[in-house]
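Engineer: Please find one structure pasted underneath; my questions will follow.
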Amino acid sequence: MLEGVEHLLLLLLLTDVNSKELQSGNQTSVSHFILVGLHHPPQLGAPLFLAFLVIYLLTVSGNGLIILTVLVDIRLHRPMCLFLCHLSFLDMTISCAIVPKMLAGFLLGSRIISFGGCVIQLFSFHFLGCTECFLYTLMAYDRFLAICKPLHYATIMTHRVCNSLALGTWLGGTIHSLFQTSFVFRLPFCGPNRVDYIFCDIPAMLRLACADTAINELVTFADIGFLALTCFMLILTSYGYIVAAILRIPSADGRRNAFSTCAAHLTVVIVYYVPCTFIYLRPCSQEPLDGVVAVFYTVITPLLNSIIYTLCNKEMKAALQRLGGHKEVQPH
């Protein structure tokens, strides 16, 4: 499904670009871009390749293990674990969309990406990233229902409702990414083709456009800002009710267990929103720190999410022990 959407998007955008070329005739269209990537001394190419390769393999295997565990362990066939399965798939796919091209650059020096490849990369990243943003909000709502309305949870969050909400996050991500990608690549690219970034992203592409990008920058800020702020406020509201409900639990053990179920989700939300805010919710810049932050939220964050959810989630740790054939360690 994702591949079909990407191919349709690419066809529409390239058709639009070709029509503009025929109309303007005096502009030279860019056929490819060069991903500058991380600035580093040549002798660090091999060590960086090995470091990012290890991170990439750990990310794919860690998130893949979470998905496998949720699918095979019937005790995890619950809404929160289903949402976690979606999150792991998103993290794994984001890593697969960005990291292989970086690895090729470190090892082979191959940093060229076709115009169509750049379109697909930008679309994929914003599609997956926006879907993840909606999913975090949905997971907070699920925790709100489970802790604040436990007696009604099973009747509200049915299997059908759970699947419908999860599908809604994917549709929302598709709409957002189609809008952003088409808005960026309707601009003419007729000269510079060096993308001073680790992948084709909106701020970096706007700097290469042969036209005024003020409207694009404003629309990007408004669109991403509205979505991020709305989702973040909904998450904060949900956790405000959750904390109030937890504090009313009489036993210390009960409060501790309730907090532990929410700690992992809150941690990954913070890890997601801080770099997102830094990159998109400020004026377009070309600071070296941008590349470092981009590496963090495209390479490091997907790995951190899998680690956080396996270390902070008691149910997931127990399920992994069962999957590995180890006896569960019962607390004394």
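Glycine is no exception: its Cβ is also placed from the backbone N, Cα and C atoms.
Reproduced below are the annotations present in Swiss-Prot:
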| type | residues | note |
| --- | --- | --- |
| CARBOHYD | ASN26 | N-linked glycosylation site |
| TOPO_DOM | 1-46 | topological domain 'Extracellular' |
| TOPO_DOM | 68-75 | topological domain 'Cytoplasmic' |
| TOPO_DOM | 97-120 | topological domain 'Extracellular' |
| TOPO_DOM | 142-160 | topological domain 'Cytoplasmic' |
| TOPO_DOM | 182-218 | topological domain 'Extracellular' |
| TOPO_DOM | 239-258 | topological domain 'Cytoplasmic' |
| TOPO_DOM | 280-290 | topological domain 'Extracellular' |
| TOPO_DOM | 312-332 | topological domain 'Cytoplasmic' |
| TRANSMEM | 47-67 | transmembrane segment |
| TRANSMEM | 76-96 | transmembrane segment |
| TRANSMEM | 121-141 | transmembrane segment |
| TRANSMEM | 161-181 | transmembrane segment |
| TRANSMEM | 219-238 | transmembrane segment |
| TRANSMEM | 259-279 | transmembrane segment |
| TRANSMEM | 291-311 | transmembrane segment |
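Walk me through the surroundings of each of these features.
Structural biologist: Listed as Cβ neighbours of the topological domain 'Cytoplasmic' (68-75) (distance under 8 Å, sequence separation of 6 or more from its ends, same chain) are residues 81-82, 84-85, 315-316, 319-320, 322-323.
Within the model, the topological domain 'Extracellular' (97-120) carries an average pLDDT of 87.
The residues of the topological domain 'Extracellular' (182-218), classed with DSSP into helix (H, G, I), strand (E, B) and coil, number 14 helix, 2 strand, 21 coil.
Per-class residue totals from DSSP over the topological domain 'Cytoplasmic' (239-258), listed helix then strand then coil: 16 helix, 0 strand, 4 coil.
Outside the transmembrane segment (47-67), and at least 6 residues removed from its termini, the chain residues within Cβ reach (under 8 Å) are 38, 40, 84-85, 88-89, 91-92, 95-96, 99-100, 102-103, 106-107, 299-300, 302-303, 305-307, 309-310, 316, 320.
Within the chain carrying the transmembrane segment (161-181), a Cβ under 8 angstroms from the stretch's Cβ atoms is held by residues 5, 9, 13, 79, 82-83, 86, 119, 122-124, 126-135, 138, 202, 220, 223-224, 227, all 6 or more beyond its ends.
Sequence-distant contacts of the transmembrane segment (219-238) (same chain, six or more residues past either end, CB-CB distance under 8 Å): 130, 133-134, 136-137, 140-141, 143-144, 176, 179-180, 183, 202-203, 206, 269, 273, 276-277, 280-281.
Sequence-distant contacts of the transmembrane segment (259-279), counting only residues of its own chain at least 6 positions beyond either end whose CB sits under 8 Å from a CB of the stretch, comprise 87, 129, 132-133, 136, 139-140, 143, 146-147, 201, 203, 224, 228, 232, 235, 239, 242, 246, 290, 293-294, 296-297, 301, 304-305, 308-309, 312-314.
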Engineer: Quick one: DSSP breakdown of the topological domain 'Cytoplasmic' (142-160) into helix, strand and coil?
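Structural biologist: Each residue of the topological domain 'Cytoplasmic' (142-160) counted once, the result is 13 helix, 0 strand, 6 coil.
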Engineer: Give residue numbers and ranges for long-range contacts of the transmembrane segment (291-311): same chain, 6 or more residues beyond its ends, CB-CB under 8 A.
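Structural biologist: Distant contacts of the transmembrane segment (291-311): 37-39, 52, 55-56, 58-59, 62-63, 65-66, 84, 87-88, 91-92, 94-95, 98-99, 102, 125, 197-199, 201, 264, 267-268, 271-272, 275-276, 278-279, 317, 320.
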